[in-house]
Amino acid sequence: MNPTQTLYPSGGNSPSPHSTHPSSLFPQINRCRTMRDLSQIHATFVKSGQMRDTLAAAELLRFCATTSDLLHRDLDYAHKIFTQMPHRNTFSWNTIIRGFSESEEQNAIIAIALFHEMMKDSVEPNRFTFPSLLKACAKTGRIEEGKQIHALALKLGLSGDEFVMSNLVRMYVMCGLMRDACVLFYKNIIGRDMAVNMMVDGGRKRDGEVVIWNVMIDGYMRLGDCKAARTLFDQMRVRSVVSWNTMISGYCKNGCFKEAVEIFCEMRRVDLRLSYVTLVSVLPAVSRIGSLELGEWLHSYAESNRVEVDDVLGSALIDMYSKCGVVERAVEVFERLPRKNVITWSAMINGFAIHGLAGDAIDCFCRMREAGVKPSDVAYINLLTACSHAGLVEEGRKYFSQMVNVDGLDPRIEHYGCMVDLLGRSGLLEEAEQFIHNMPVKPDDVIWKALLGACRMHGNVEMGKRVANILMDMVPQDSGAYVALSNMYASQGNWSEVSEMRLRMKEMDIRKDPGCSWIDVDGVLHEFLVEDDSHPRAKDINSKLAEISEKLRLAGYRPITTQVLLNLEEEDKENALHYHSEKIAVAFGLISTTPGKPIRIVKNLRISKSEYTNQQSTHKGNIEENMVTHTKSISNLALQRVSNRSQQQQKQRLHTIKSGYLILSKFT
């Protein structure tokens, strides 16, 4: 009996359901713990002549090319075995192609080259060849070869194979050809009789077709078309955990954090078991909306369900607690991690940075070095951000130099941005401008926005005009430069220039991003805009606002009215400041929570300057005993662009009001 024909019929990729799995014939291979063990077995096979047995050689190849234990994968060794095999059937080719396709991009290119060799050897591919091959094309962006492979799959009659089709759709999505992906999807999925062809086994959808739906949803999310993704998601009769995870992560990547949390809550209501990926996907959204109660529930869920808190989940929890205003809990999570790497250290440094705890951030950085962990570029971004928020100019210069000269890291645009921000906040505007001109890379709009924000902070209108004009040419539809310049003119009482800015914005149809604040009360997220009167409890909110304003007035507080961009009487300006979104959210929090309970407000823009002054280190805030935590970007100018960068690079700042006082640094 020929064992190859018994175990791998018709050159297939896997044995039939009734055959013996080949690994059971070679138990010594599965007992390998190191590549040295495997090489010894290989040597034994060669010496005994077993390598002439296609099955023995194929099992050795399978183990070192595709084993789930990545520590035992050795593609170079696998390729060596492959080239020495006397008979290479379809299974052998599929195995080596799969091994290389699942590795990094340069190896995925080799997978495509191996397929060309396979065709030259006149070995016909089968349904198991194409998924790995298409993954390699998707990973490397080799769309032309992907289209040729698509044509071959159709020629071999595989248009009805759900796994081949799902990988074809994924390839077109990953290569940015959403139209081609849509044609495939609607022709092969939507075009079928869904009641007959898509529902089997008592109403369950076939796994492969669910995968295709998930791929399409991911594709729309990649394009930023959240509405189309949601429409497709709602059309699914059966959803997998991956379907929900794709929606959650897609919303997060597109900055739709409220929607991400809302769909997560829907997921909880259908009583679906949350996966590790679910937790990692939703925690960034929880961080951004400041929902501490939900974040604590997720942490508790992970512990009670024995979900491993590794470096990725641990970092997400550290980030969540930090951005929800309880850095102490972030420290607890960090210290309890069984293994700390550069990802977790960087997350903790960032946690200290956004709380203005520069000393703690620097200490954490030093501990990381002492632990033998080499800092990453992200760790340096977080460290430089901490220096910026504290005005530690010399320390910032030292660490920037250390990053280049000691750790050998090439500065990224974000590092240069941190240095510009550091110099600008500290009032070294000319040096910051010169730093930009001397940069070896072309400055982007975020760099110039950081300098413009510093000009506004320090009242340098002349430089502000110069920088604003650069931004208006660079990003003409961005409202940030117009608003910042208007603010500077307004602070000088130059109302003619303010009117000119407003007119230019109107002519170019440029709209200012509205201030928006969120507050989570008992698991329900409430959203408020400027002068928002749409909430069901608007009357109670306005009464509380009036009460707070009167108490503040009696305590001697006067708002900074220079930030009102309208030529109004002083009393009217005060009324305009009265209805900022964060103030409305605070008032709602006060009437909706018990006395003494912390109130956490998240705002999409910088805290209104009317809330504090740069000349005072303390400012009398809310009379009642509450803590208010604000999350904001470093500048309203940088918000949109910064949100498109990775989460670790987002510059945020949290402030705490307690016992009626808001403690501020002059560099805030």
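Keep in mind that glycine also has a Cβ here, set from the backbone N, Cα and C atoms.
Any TrEMBL annotation is an automated prediction that lacks curation.
The region 'Disordered' annotation in TrEMBL covers 1-24. TrEMBL lists 9-24 with the feature compositional bias 'Low complexity'. What TrEMBL lists as repeat 'PPR' is 89-125, 126-160, 209-239, 240-274, 341-375. Here TrEMBL flags 556-613 as domain 'DYW'.
Sequence-distant contacts of the repeat 'PPR' (209-239) (same chain, six or more residues past either end, CB-CB distance under 8 Å): 162-163, 165-166, 169-170, 172-173, 178, 181-182, 185, 188-189, 194, 198-199, 203, 246-247, 249-251, 253-254, 256, 259. Proximity of distant same-chain residues to the repeat 'PPR' (89-125), defined by a Cβ-Cβ separation under 8 Å and at least 6 residues beyond the stretch ends, is recorded for 4, 8, 11-13, 54, 57-58, 61-62, 65-66, 73, 75, 78-79, 82, 132-133, 135-137, 139-140, 142, 145, 149, 152, 156. In terms of DSSP helix, strand and coil, the repeat 'PPR' (341-375) has 26 helix, 0 strand, 9 coil. Counting residues 6+ beyond its ends, the repeat 'PPR' (126-160) has Cβ neighbours under 8 Å at 10-14, 90, 93-94, 97-98, 100-102, 105, 108-109, 111-112, 115, 118, 166-168, 170-175, 177, 188 in the same chain. Across all of the repeat 'PPR' (209-239), the predicted model scores a mean pLDDT of 92. Secondary structure counts, DSSP: the repeat 'PPR' (126-160) has 25 helix, 0 strand, 10 coil.
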